[in-house]
């Protein structure tokens, strides 16, 4: 390993790897953003990576001058078709020098940052590893952000396109603002012709009912498990955990049979009685953990002052555990809103669909892709808004309840 | 003087407390046993039954009544017709009888030998109806003025019909054919392989990716909150939305991923990511990693932030390099949460159905055990075989749950 710990060599190796990552990322951004045909040129990516990587280990006296020089050099080379990013003849004249210039600045700038304490010659293990970690962190940010963001970006952009645009160039995700409101044609059609307004409402009230019923059942249960002494308490709290482990598909089959025979299939009522049962164990588990953390003395004081147990729960425990209730409610809402399997198996009548079932209906060869994506956006946006608005509660709910997935 | 002894057993207060506890737990226990325990038991019952999707609807006799011959005035002759059929094509119905009230003003002529008239009510006995059998009874009638005066149609008094049919769910026919079907042939090995691959690599992948993501965000910087929110998106979004987005993205004909890779010069021909072996299995595993890394990331990050920083400062003083600090300090601290997460995610990945079902529908070698339940029960319409697969899953889970109780519940302090 110590052979590798030579400044310029490290710079060259990391620079090449980093150069490929950056070039590819920038090419994807340009391709997705402007819809032009650019591609990375492996040879020049490699050469520039090696050059700028080793330059990163040079004494950092005037970093801004170096970065400017790096940008100009790569921009000029890009202009004559010798840069890491090249393209076909259809690419606008000014684009390649600019893209390569930006790339050059980013590459050299970040290499200078990575190689902050690294000099040309031999470096200590500490400095070397710190540089490698900075490099890995940089790659991590780019890769994770790209991998998470691209599918959502594609989802939104596809929903704003029309069929012919999609067929013509599946890479062009630029938005033609001159279309005005016609951008939202898919959404308009879903809300009018496909009844998505009704589905939204159905999903909303089914989820709210699920939350209410779940809390109604699990609060007393959680309290009993957390506070009261009775034979079989440990067995009970363990079996709650075991209940999560039964896969839904195994239960869905007998539920389907029972519902078919009793006529509950294809009714919202059937869905509303089945959803809470899938969430009660999780919610009970999360709540009992929280209840245990509450000071028992407060409740005992209440008991001494003549409250009954139920009054204690209502007047003392619940007000104290409002944050936990909010987390649980949000988590249960998310499960109910996202639930797909039961809705898919139990609902056949398009007038009674929940949102997820409605989106599943759009997955057919007769319905254009952008409608499907618009449906996906409609299903995602409310839960995302809720999530971003109440992230603190949501994160806590996820951490507490995430034994279930 | 007797020796004072401490009270043994439960006192009245203790009993009251226990009663209250069970009372509070009753709604949960009741609902969970109705929807979880009862179905689980019924799954075992069904798995030994020769039952298909069509058998769910018990065969019933269906009758149609009509007055033929268009009588227009009193004294016209007409025909009262009952057409009977068995709704099932192969199951018999036993002891079929028909009772109907003849409207006033219809005088019946010669009555079919299977029927008898008592006052205004007609009773017919058809005996047993075989599967798909049809029966017809025609009775000549004379229409009188009273019929037209009342304005009553024959349909207004629908005939009552009775008949017993055997329900395949409740009879005592048992078969091992379902299990034989599940285990027979190479099919089972393919399913098992897909399940093992998906579960093992999906779990490890999500865990390792989550660990990386947690390390990235385990420092304070501007935009950290934003990035954390963003990285949770895959888990929070509805599975149906993200699964269809992936299918759209990787579509072999109009997908952006293929177009991008072709344009970048990585591949020459578009690849059918979700349609060819073994790529489809790898892709669904990648999807699983993508969708569930946020969960492990969240847990690991929470644990990382609770590690004391003094320890790292001391290590720094002693000259430990960053990698050494990670390997010898962070990792051992994280081992507890990592092993719990591994076990939980392992079980949940094993149980996962929606993701694969939406991405490939179980085609191209991606049929795991859970998808096989659906495939057998609904695609092949053999509910019994589906239940048999479910029983297999359940048995595997029982083994997991032993591990679970042994390790996780100790970690969780239960």
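Counting starts with 1 at the first residue shown.
Cβ atoms are placed via backbone N, Cα and C, with glycine included.
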Annotated transmembrane segment segment (source TrEMBL; candidates A:167-191, A:267-291) = A:267-291
Spatial neighbours of the transmembrane segment (A:371-390) far in sequence, C-beta under 8 Å, 6+ residues away | 152, 154-156, 158-159, 186-187, 189-190, 194, 196, 200, 203-204, 326, 330, 333-334, 337-338, 355-356, 358-359, 362-363
Which stretch from A:12-36, A:42-58, A:135-156, A:204-228, A:240-261 shares the most C-beta pairs under 8 Å with the transmembrane segment (A:94-114)?
-> A:12-36
Does the transmembrane segment (A:12-36) reach the transmembrane segment (A:135-156) with at least 3 CB pairs under 8 A, where each pair is 6 or more residues apart?
-> yes
Which bits of the chain, at least 6 residues beyond where the transmembrane segment (A:240-261) starts or stops, bring a Cβ under 8 A of a Cβ in it?
-> 225, 270, 274, 278, 281-282, 284-285, 341-342, 345-346, 403-404
Cβ contacts under 8 Å made by the transmembrane segment (A:204-228) with residues that lie 6+ beyond its boundaries = 236-237, 240, 268, 271-272, 275-276, 279-280, 283-289, 291-292, 296, 299, 313, 317-318, 325, 328-329, 332-333, 335-337, 354, 382
